[in-house]
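Taken from Swiss-Prot, the feature coiled coil applies to 15-69, 303-328, supported by sequence analysis. The compositional bias 'Polar residues' annotation in Swiss-Prot covers 101-131, 254-266. Look at Swiss-Prot and you will find 138-152, 205-214, 349-358 tagged as compositional bias 'Basic and acidic residues'. Per Swiss-Prot, the feature compositional bias 'Low complexity' maps to 155-170. Residues or ranges marked as compositional bias 'Acidic residues' by Swiss-Prot: 359-370. According to Swiss-Prot, the phosphoserine annotation covers Ser271, on the basis of similarity to another entry. According to Swiss-Prot, the region 'Disordered' annotation covers 1-20, 93-172, 204-226, 241-283, 340-370. Per Swiss-Prot, region 'Important for transcription repressor activity' is recorded for 29-68, 300-315, and the stated evidence type is similarity to another entry. Annotated region 'Interaction with Pol II' per Swiss-Prot: 228-299, 316-341, in sequence order.
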Amino acid sequence: MSSLPRGFEPQTPEDLGQRSLAELREMLKRQERLLRNVKFICKLPDKGKKISDAVTKLKAAIAEREEVRGRSELFYPVSLDCKERQKAIAVVDGDRDKAQNSDQILDTSSPVPGCSSVANITSSQTTSRQQGLAHPTRGGDAEAAEAEHTVSEHPTSSSGAPAPSSSQASEGLPQHCALGQVEDHPGSSDNLFIDRLQRITIADPTEHHSEGNRNPENLAGLWSGPQKKPHYMEVLEMRAKNPMPPPHKFKTNVLPSQPRDSSSACQRRGSPISSEERRRRDRKHLDDITAARLLPLHHLPTQLLSIEESLALQRQQKQSYEEIQAKLAAQKLAERLNIKMQSYNPEGESSRKYREVRDEDDDQSSEDEF
């Protein structure tokens with residue numbers, strides 16, 4: 001009985017759930033390698049049934065993992081939007097809690113109407129300003145302007161003027177005490193809280209400008225507004241709209257397409273060029289590509305001949321061809337017969353050694369005759 005090599009044993013379903021996708025693919029590759037080994041499969045008692053079952057389970061697990069990963073990639077932008085919205089809601093909830101604490105400090109007053117003081121109003125106003133600087137929200141500036149106007153009319157003793165009495169302070173703020181008493185009712189606490197949250201704002205002391213009251217829907221727009229898409233989503237959409245052309249295969253002696261396209265476009269836009277100019281450009285293009293020049297023409301270009309001239313040329317070509325064939329035949333025959341064609345001299349070399357001798361008297365007589 002032959003056992004499986006180490007690392008090729010079929011895995012249990014519990015182990016498959018804990019494996020990563022790369023490990024599952026590696027295991028599938030090993031099991032398929034075992035199945036291809038026919039001799040090894042024949043030696044097994046179950047003839048490779050366990051291995052085939054393991055291959056089926058691995059394929060199912062890999063398909064499930066890929067499907068889950070595809071779904072997660074599809075819903076990844078949605079999860080990002082949900083996370084951003086949750087962050088915005090958490091920020092707004094924190095603003096609500098801080099604003100509620102500031103409203104409680106602002107609305108805290110004694111049951112007797114004459115026990116409120118300007119110092120409490122000033123401290124509550126400072127607290128609300130600090131909270132507004134940390135988390136600015138949208139809203140009107142009506143109640144904050146009233147509190148500032150009241151504090152400016154009754155300056156503190158540190159500026160040099162006497163502080164007003166508690167009765168005068170309570171008379172100067174009747175509306176504030178009434179609002180504090182109305183907020184004690186539990187039924188209208190939520191509505192008043194939303195109203196106060198909308199009214200908290202920051203006013204620049206150097207610039208006195210009034211803003212109109214905002215609608216309650218603007219507060220909900222803080223977390224329900226359109227969220228900006230991630231950068232990679234914009235890149236993918238842009239690439240889907242404008243796909244890149246496939247890279248052309250490199251070929252020798254071929255220039256890139258861009259200069260050729262530009263030159264052809266210029267030729268189309270320009271005036272028609274003559275045949276000589278086109279021939280010169282083609283020759284220059286050929287020289288640029290191959291760095292080779294055409295050989296000069298040894299013959300005239302083709303011409304239209306008459307029938308008589310063509311017959312005369314054919315006869316001349318036939319005669320020259322026959323002469324060449326006769327010379328070749330004679331040369332072959334001489335090679336077969338071992339005949340060497342040499343110059344014939346019957347007298348031999350000895351006749352050239354002797355020179356003709358003339359007498360001096362004969363030379364003188366010839367001169368006298370002249």
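Glycine too: its Cβ is placed from the backbone N, Cα and C atoms.
Quantities reported herein were computed from a predicted structural model and do not represent experimental measurements.
Only residues 6 or more beyond the boundaries of the region 'Interaction with Pol II' (316-341), in the same chain, are considered here, and none has a CB under 8 A from a CB of the stretch. Mean pLDDT for the region 'Important for transcription repressor activity' (300-315) in the predicted structure: 89.
In the region 'Interaction with Pol II' (316-341), the DSSP tally of helix, strand and coil residues is 22 helix, 0 strand, 4 coil.
Taking DSSP states H, G and I as helix and E and B as strand, the region 'Important for transcription repressor activity' (29-68) has 34 helix, 0 strand, 6 coil.
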